[in-house]
Each structure stands twice: as C-alpha cells, then as structure tokens.
Amino acid sequence: MSSHGEHGSSCVVKDVHLLKTIVMGQVLSVLICGTAVSCQYLVDAGVETPMLQSFLNYSLLLLVFTTNLSTRKDERNLLQILKTKWWKYLLMALADVEANYAVVKAYQFTTLTSIQLLDCFVIPVLMLLSWVFLKTRYRAGHFVAVMVCLFGVGAMIGADILAGRDQGSTSHVALGDGLVLLSAVLYAVSNVCQEYTVKNLSIIEFLGLMGLFGTLISGIQLAVLETHAVAAIKWDLYISMLFAIYALCMFALYSLMPVVVKMTSATAVNLSLLTSDLFSLFCGLFLFHYTFSALYVIAFVVIAMGFITFNPTSSTNGGPISARRCDGHQEQLEVQRLARGHFDIWTKHN
C-alpha cells in the first residue's frame, strides 16, 4: 500500500516539476519576445546599436550579481574565483557576447527565413557538446522530441513564406548564413558552460562573472564599433523607454535562464525557446500588422508537444535530477531576492 502511495506522490512531483518547467520556459520565450519587439521599434526609429543594448544588459548583471560576489567573505568571493578561473569565464563571456553580435549582424546580409532555419543548428551542436563535455547520454525519445520541435519550426517558416515575411537582405547570403551558424555554435558553447557552472558551482557565480566580463568585452566593442551610432541617437522619453524595456527583458532573461537550466538542461531550455519567434509573430499581428496564418498556431502546438516529450524522457549526466534540484533551491531563492531587490531600487529612482 505504501509503495503505491510513494509511486503516486512521485508522479505528482514529476508532473508539478514538468508543469513548472514548461511555464518557466515560456516565460523565457516571452522575455525574448519583449527584446525582439523593443528592437523592432528601435530599428523603426532609426536606432541600430546592438552592442549598446548588450552593454546595458551586462552592466545590470554586473551591478546586481558581480557586486554580490565581491561582498562575500568566503572562498567563493569574486577575487578568489578570478585568481583560479578568470580565463574560463572570459572565454565563456566572449562566446556569449559574440553570439549575440553575430546573429544581429546576420540580418544585414541574409533573410529572416534563413536565420530562423539555421539558428536551430544550436540544438544538435548543444547536444553534441553536452555528450562530450557534460557526459549527457540521450535516449531515442530525446531525438524524436527534437525532430518534433524542428518540424514545428518548419511549419513556422512555411507560414512566414506564405505570409510574405521573408524579410531581410540578400546582399551577401553566404556571409549572413555563416554568421548565423557561427552564432549558433557560440551560443551552444556558452550554454554548455552555463549548464556546467550552475549545476556544479553556483548560479550567482555564473551571472556575476558573465556580468563582469560581458560588460568589459561589450564595452570595448561598443567604443570601437558604435561610437558614431550612439552619438547620432536623438534621445527622448520614447527612445529611452525602448532601451529600458529591452535592457530589463534581457536582464530578466539572463537571471531566470540559469534557474531553468539547473532544473532541466541547456538543450531542453533551447527547445522551449523555439516558441519565442511565435510569440513575436503573435505580437506582430497587432503591433506591426502581420498577416495571420493557422500554421503559426499549429507550429506552436507542435513545438510545445516536442518540448513536453523531451523533458520526461530521462537522461544521465552525473547525478539524479531531484538531488540537484534540492541542492539549488536556496540559491534560486537568493537569485530571485537579489533581482527583485535591485528592481525595487530602480523603480523608486524612476
């Protein structure tokens, strides 16, 4: 009798965990949608400063999480970490910054359809890197789930073509496509580093060092590449609000994503993020007057089904998921407390 009770309780815990994972994954997608919409409005206003936008995000991470690391007095404080692992975090931040920059630059050379299609290359690269470096062992169900998700992406791209949304440039398609593939590889490297760090070390350590080196790298590139573009911005309340929305969405995305990665895996999170383009399209129906297609709804359902199928299928990567989840609970609460506290301070001053 007790075994049946324990089995039922275990099923309930798994169902709740799956539901929480799905919801948090879609919150991440909505945040990406927020960055995409604010970016579109900035472009419409004649502002194209991707490195400035990245710099604002990394600066917020620096303000919140790097500051927290620097005030710690144990062996996990900022100085102790930098003494032994600074170069590892520097490379991780470099991959993340350049991945963001490469995909934004790709829009100048190739089409939206190519970018959406080739950007999915991050998933097989991520699975390969996880297999090699994190010792993750996937089952047949995982590969089936990934194929289902990619089928959903295909439906989304088909809807884009039918709706005439094959936007972008065709001036240097090969260069643009190469930038997208480079971005996918760099994102995969960054995500694998993220998964290892948050599951074996600390979420706050990851965010703090990403903020420190991300601010440094993006600040240098900003000074080199976008000085004239920033000087040409005609600042007013509207432009300032768009920058603020973008920065806060990105900050929330970067703060929440390690929590979801710790609960699942970097591969699962990237599968859930495939719906972000669809959220952007749904917003575009009202904000930018895009043409509706039933294929968008079908694509969303198919991607969601693939993501749901991927998560319950167990994989092995060095420890039971439940143990890692319990060990990280207090740290997740601290991340939420830090982010909420600094957001309250920001709102009071504004």
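Note that Cβ sites are derived from N, Cα and C of the backbone, with glycine treated the same way.
Annotations in TrEMBL come from automatic prediction, not curation.
Features of the protein shown, as given by TrEMBL:
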- 21-43: transmembrane segment (TRANSMEM)
- 115-134: transmembrane segment (TRANSMEM)
- 141-163: transmembrane segment (TRANSMEM)
- 169-189: transmembrane segment (TRANSMEM)
- 201-225: transmembrane segment (TRANSMEM)
- 237-256: transmembrane segment (TRANSMEM)
- 268-288: transmembrane segment (TRANSMEM)
- 294-310: transmembrane segment (TRANSMEM)
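A contact between the transmembrane segment (169-189) and the transmembrane segment (115-134) is present, since 3 or more of their C-beta pairs, 6 or more residues apart, lie under 8 Å.
Of the candidate ranges 21-43, 115-134, 141-163, 201-225, 268-288, 21-43 contributes the most Cβ pairs within a distance under 8 Å of the transmembrane segment (237-256). Tertiary proximity for the transmembrane segment (201-225) is limited to same-chain residues at least six positions away from its ends with a CB under 8 Å from its CB atoms, namely 51-52, 54-55, 57-66, 68-69, 76, 78, 81, 85, 89-90, 92-94, 96-97, 101, 194, 254-255, 258-259, 262, 328, 331-332, 334-335, 338. Of the ranges 21-43, 115-134, 141-163, 294-310, the one with the most Cβ pairs under 8 Å to the transmembrane segment (268-288) is 21-43. The listed stretches are 21-43, 115-134, 294-310; of these, 294-310 has the most Cβ pairs under 8 Å to the transmembrane segment (141-163). Note on the transmembrane segment (115-134): residues 103, 106-107, 142, 146, 149-150, 153, 156-157, 160, 168, 176-177, 180-181, 183-185, 187-189, 191-192, 195-196, 265-267, 270-271, 274, 277, 317-318 of its chain, located 6 or more positions outside it, place their CB under 8 angstroms from a CB of the stretch.
Counting residues 6+ beyond its ends, the transmembrane segment (21-43) has Cβ neighbours under 8 Å at 49, 53, 239, 242-243, 245-246, 249-250, 252-253, 256-257, 259-260, 263-264, 268-269, 272-273, 275-276, 278-280, 283-284, 287-288, 304, 307-308, 311 in the same chain.
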